[in-house]
Amino acid sequence: MAARAAKGGGSAARGHLFALFTVAVWGTTFVATKVLLVDFAPIEILFYRFLIGFLVLWACRPRHVKLGGWREEALVAAAGLTGVVLYFLFENIALTYTTASNVGVIVAVNPFFTALLSSILLRDEKLHPVFFAGFALAMAGIVLISWDGLGTGGVVGDALAVAAAAVWAFYAVLTRKLAALCDDTIQMTKRTFAWGLVLMVPALFLLDFQFGVERFVDPVMTANMLFLGVGASAACFATWGIAVKLLGAVKTSAYIYLVPVITVAASVVVLGEPLTPQICIGVVLTCAGLVLSERGKGAPPAGADEAPPSSADR
């Protein structure tokens, strides 16, 4: 009995470590992108990141899985458009206008938009007044964070970050539908990445994409791009899945609230971004709103499908 308890405690400890590692990586992706923006355009970071991520996932699952038909394929394409092209393009462009701290905290409110859209389109959960109170609290936090940027380009970046969070809601709803099509999430994520790469081609021409492979001679640029492509988009899929297996979905999901905190801390330490009392209060209000809103979500009806974590999540 004692040996079994010790084994269970060890598994839980490993689960917490995997979850903490994953959110630490996701929280610092904004900083890595900000560093890359010195030499790369937003569209170039988007392309190289997901090309690397796709190749890593293809190495893990090289075989091709057939779906039911064109309607199912259209769902995957829509996921690639929203969760890869639009979300990360908005996020990357936002980082050219405002701080990594602001973007990291603002996009963390995407669960609000996801819950709202799910309740409208899927009708899989009832939203209580507490949810809307949490939403208002988080929005107040975002206003505080963005206040100093009013009248400057910073507010444009903050608005793009909000747009990214809203777009992510459509991707999250789509992944719930996709989960019923294929139980191999790596395969489905690989297919989503592939569609994302295809659908970003028009943007490559419109936004003056340059291959500029000579930029990868700089080890700092190469390391940060690999960090995004291999670490955040591929490896973290595995570590998050292990954490969920060892801890359960509820306990693991609690770690998501650390992402904006990690982003702010990393931005201050690595990028030297300012940390004012106003920003601190804004971060606290936003995180408190997220926690409060979770308490205001009704339980999904029996049989409601839950989307598995995707390696595109960060």
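Glycine residues also receive a Cβ, built from the backbone N, Cα and C atoms like all the rest.
Per TrEMBL, the feature transmembrane segment maps to 12-33, 45-61, 73-90, 102-122, 129-147, 153-173, 193-213, 225-247, 254-272. Taken from TrEMBL, the feature domain 'EamA' covers 14-146, 157-292.
Against the transmembrane segment (254-272), stretch 12-33 has more CB pairs under 8 A than any other of 12-33, 73-90, 102-122, 193-213, 225-247.
The average pLDDT computed for the domain 'EamA' (157-292) is 89. When Cβ-Cβ distances below 8 Å are used as the criterion, the transmembrane segment (102-122) is approached by residues 27, 30, 91, 94-95, 131, 134-135, 138-139, 141-142, 145-146, 149, 154, 157-158, 161-162, 164-166, 168-170, 172-173, 176, 256, 259-260, 263-264, 267, 282-283, 286-287, 289-290, 293-294, 297, 304 of the same chain, each at least six residues removed from its ends. Beyond the transmembrane segment (45-61), the same-chain residues lying 6 or more positions past its ends with a Cβ under 8 Å from any Cβ of the stretch are 33, 36-37, 84-85, 88-89, 92, 184, 186-187, 189-190, 193-194, 196-197, 200, 204, 209, 225-226, 228-230, 233-235, 311-312. Sequence-distant neighbours of the transmembrane segment (12-33) (same chain, 6+ residues past either end, Cβ-Cβ under 8 Å): 45, 91-92, 95, 100-101, 103-104, 224, 227-228, 231-232, 235-236, 239-240, 242-243, 245-247, 251-252, 255-256, 258-263, 266-267, 270-271, 313-314. Among residues of the same chain six or more beyond the transmembrane segment (129-147), those with a C-beta under 8 A of the stretch's C-beta atoms are 98, 101-102, 105-106, 109, 112, 115, 154-155, 158, 162, 278-279, 281-297.
DSSP labels the residues of the domain 'EamA' (14-146) in these numbers: 108 helix, 1 strand, 24 coil.
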